[in-house]
Amino acid sequence: MYKLVLIRHGESTWNLENRFTGWVDVDLTDTGAAQARLAGKLLKEAGFAFDVAYTSVLKRAIRTLWHVQDEMDEMWIPVRNEWRLNERHYGALAGLNKAETAAKFGDEQVLVWRRSYDTPPPALEPTDPRASYDDPRYANVPREQIPLTECLKDTVARVLPLWNESIAPDIQSGKRVVIAAHGNSIRALVKYLDQISDDDIVGLNIPNGTPLVYELDASLRPLRHYYLGDQEAIAASLAAVASQGKAR
């Protein structure tokens, strides 16, 4: 049996302000850093150790991984920073307050933009300063692969090649893998692993800074999965994530 650990980054500054973030490179709050440290402590106490780590190229996920590694005394393990693990791109919604956007467009429309499988938000113009074409962290990414908006289907399309080419082979070679990423890149992986339908994925939320453990068989099919931590606190965190896109 293999184990895989997925961790959404701790609370970010724009999580706190209830803003659509996407590829904007915001940092953790003090609460987010504490969540990440607690995740590392829980993993260490549960006997986990890792051989390789994956994360995105956005600092909220990178710093979350640092805190986890620090708590586990595993700062030395190899880390792969992969743009394909970035949060989904929220297009022209980036920076907007979710509740204010819901008040303007309606809860239902914002829920579709946030959680539906195949409906992207309005795209950025290529000349928009929020576009990532000139960002040095994407210098080796073909321009046509750098998004101006994404739906979850698009996120799945960029995450799964990384899974098939790198992550899955690492796991099957016996390496113990941890992935610190984002709500929607993790939803993309969970959708694939658990074979969640396009309709049912709308209801899936991922809490900040909470280790999600998958136990996998030899073919990497899930045997079970569970969150580490206080289950009441996790339920409250999930409810908070679900309510972010509603008008106040």
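Heads up, the Cβ atoms here are built off N, Cα and C, so glycines get one too.
These come from Swiss-Prot:
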- His9: active site, tele-phosphohistidine intermediate (ACT_SITE)
- Glu87: active site, proton donor/acceptor (ACT_SITE)
- 8-15, 21-22, Arg60, 87-90, Lys98, 114-115, 183-184: substrate binding site (BINDING)
- His182: site 'Transition state stabilizer' (SITE)
Around the Cβ of Glu11 (substrate binding site), other Cβ atoms within 10 Å, all chains included, total 24
For Arg88 (substrate binding site), what residues in its own chain, 6 or more apart in sequence, show a Cβ-Cβ distance under 8 Å? Gly22, Glu150, Cys151, Leu152, Asp154, Thr155, His182, Asn184, Ser185
The residue listed as 'active site, proton donor/acceptor' and Arg8 (substrate binding site), compared by Cα position, are separated in whole Å by 10
Reported as an integer number of Å, what is the Cα distance between Lys98 (substrate binding site) and His9 (active site, tele-phosphohistidine intermediate)? 19
Please determine which of the recorded positions listed here (Arg8, His9, Lys98) has the lowest count of neighbouring CB atoms within 10 Å. Lys98
If you run the three-state DSSP split on Arg8 (substrate binding site), which class comes out? strand
